[in-house]
Amino acid sequence: MLSQAVLVAAVAAACYGVYHFSNTIGLVGNYYNHRPGICRRVPGIEHGSEDIHVTSDGKAFVSSGFLKSREMKEYAEKHKVKGRVFLFDFKKPSAGAVELGLKAGRDFDAKKFRPHGLSVLEDKKRGEHLVYVVSHPDGLPDVVEKFRFSPKSRQLIHVRSIPVGDKLVFTNDLALISEDQFYITNMAVFHFAPLAFLEKYLPLRTGAVFFYNGTEMQEVIPNLSLPNGVFLSSDHKMLYVVSFCDKTLMVYRLDPITKGAQLLQTVQLFGRGDNVQLTQSGDALLLGAHPNFLQFRIHEHSPTPADINSPSSVVRLPLDKDNLVREADVTEMFYDHGDLISGSSVAAIFEGQMLIGSVVDSLVHCELFTQAKS
Amino acid sequence: MYLKTALFSVTLFALQHIVRLIYSLGYHLHFYQHYPGPCRQFPEIEFGSGNFYTLPDGTTFITSGLDMNVFSRRFQLHYTSQGVEGAIYVTNLNSSEAVLRKLDIIVEIAAEEGGFSLETFHPHGISVWFDTTEGHHSLFVVNHPTRADDRIEKFLFDPATFTLHHVKSFTNPKLRSLHDVQAIGEDSFYATNILHEHRSRFFMLLELFSLMPWSSVILYTEETGYSEVVSGLMSATGIAMSKCGAFIYVMLSLGSQILVYSRGEDNSLTLQQVFPLYTHPDSAVLDPVTGDLFIGAHPIAHQYINHVDNPAKHKAASQVLHLRLTEGNITSITELLYDDGILISGSSAAVVYNNTLLVGSSVDKLVACKVNVPI
């Protein structure tokens, strides 16, 4: 009698578990394509445009060449996929994306460069912006590469490699407060393969946001599930963190002295959010997201990602005067089944145009018909 | 022994049916809102703008004040207490600020027993036929008269005085629980029966939730009378015809599909394409300029069911789809609008003309949006 009751309870729990899991991986729900304007692929970008950062004068820095799996490493060697940073000028969109030369420094090997998230500290006077890029060099621990952009020679001159330390096993994105002071997200702590696998799919809460103060990493937000993109509000008082596993965007208030963070708002998303970015006017956040997680995983790990479509979505989250998200006014600006762009991870808006980046696919440029969208 | 097996099988069957129903009600669905541009509501319309027909010059006829035998008692009480009237409006989408005008309806034949009466007029689907020889527009409108059988009413439109002259009523036992009508001649049309049962609310709900495919398409011509040209459908709602008259599009709401038929010389319909839709379409309106179809749909079924029962309390998500056609077949589909129900609840029809999107609802508002996205 008791064993029967236990059996029924176990079956019920299993059913619920299956339902919940299928929800989180995006098995349910069918969406239709829609675009905010005329959209085209930017030629020359085929191996990803994972993160974008736009300066106030319309220069977008785009990281490319991100690799996820071992199969992709062989593919990368065969097809000579390199880690690159591109520059797209919103003021000259027809010029397309230009690859920036990477001027090597003492301890920088461009061949091992595998960029992921990036962040730019603007130099409004001379345009020599500081570009920080999270890199996963082959066979080595993660590192944050610091470059100085030279507008004259169109090069990124390597300044310094900042090691992330052994607590941070797989970093993702960073947000700069000032030179050599930034917040960085870490998604994994396990090296041991079976645990690392579980860490990717179960909400184990091993991720965290760290603060780098110029010399060392300090953990400021612990117990997060796969924290992905991170971005600061325009007044640097709020930090926006995307949790890939929980499908949430979290809004934290930052303490300028302790660099600590207090959770103010959790916004539920309907797809798996990746990177988040402020629009040009600073009154909204743009999120690149993956509506179907299972499909995205297949696409991301495939040796030929161009052959496998994964739906893409760009969501606009308007902010109120306190820089909190106005949940009732959240809209989706772009949805594509994957034919134009697969696995969208980031989006940026500048002067009536939108740039959409993907993890391992193309880069898309849209002309927004509505003039006021900034 | 056999009894146990039989009982087990029946239970299993009932269980899978219930699970199927719950899944189709869409409790698990989540969508993001998006609009093609800034939107505004028309203040004149509070109780529905269920179906449209747009002429090539932008003149659009809109039916309002829907009530059906299948609707609940609570809805009917709400309807009468608010003094809702069945009406037909007209607007011209060519002007930048579309203005609504209610059409005066003149009844030629005095209301006899069972005849047309404005008091019992509850319009639903609409279709317009332009007679090139006579030079006038005939409006065919589905009517759900209070406590009577559904029928099709025919009106003549007088553009000078903005009046409709009621000319004829089409009644027949084959016209069951009607939804929409498509005119194919001065006195001929196709009509969709959404359900077979048309009198008892209890049996109508039973038919709906048992998912029995008893919905059909009826043809009427003066020569051949009333005939059932398509049967065995799962809740057919909207019906539309291509510009050239060669193709007929039938929306299946619970069946979540669009059926494309090619029309024969004798008005028979041959199935050409089955287009799966993961939403519940209501009506399709033809774009008179491009020949594309615009559909008002109910993406989350349980919200719509609750909304139609108690419109004051429940909002229903709205969705507008744009279908492009090639040689009659549907070749691409884009979502033009998605709203959680705050701007407009239970969208049932939509059309784009002159960069304006008009969205109508079964029992809620009428909305116009500027279209700032590529169409």
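Every residue, even glycine, has its Cβ placed from backbone N, Cα and C.
Lifted from TrEMBL, the feature list:
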ACT_SITE  A:His116  active site, proton acceptor
BINDING   A:Glu50, A:Asp51, A:Leu118, A:Asn172, A:Asp173, A:Asn228, A:Asp274, A:Asn275  Ca(2+) binding site
DISULFID  A:Cys39-A:Cys366  disulfide bond
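On its own chain, A:Asn172 (Ca(2+) binding site) has A:His116, A:Gly117, A:Val134, A:Ile184, A:Thr185, A:Asn186, A:Met187, A:Pro227, A:Asn228, A:Gly229, A:Val230 as residues at least 6 apart in sequence with a Cβ closer than 8 Å to its own Cβ. In this structure, the CA atom of A:Asp274 (Ca(2+) binding site) is 21 Å away from the CA atom of A:Cys39 (disulfide bond). Highlighted in sequence order, A:His116, A:Gly117, A:Val134, A:Gly229, A:Ser345, A:Val346 have their Cβ within 8 Å of the centre of the Cβ atoms of A:Glu50, A:Asp51, A:Leu118, A:Asn172, A:Asp173, A:Asn228, A:Asp274, A:Asn275, the residues recorded for Ca(2+), and are not part of that set. A sphere of 10 angstroms centred on the C-beta of A:Asn275 (Ca(2+) binding site) encloses 29 other C-beta atoms. Recorded residues A:Cys39 (disulfide bond) and A:Asp51 (Ca(2+) binding site) have their alpha carbons 19 Å apart, per Cα-Cα distance. Here the CA atom of A:Cys366 (disulfide bond) lies 24 Å from the CA atom of A:Asp173 (Ca(2+) binding site).
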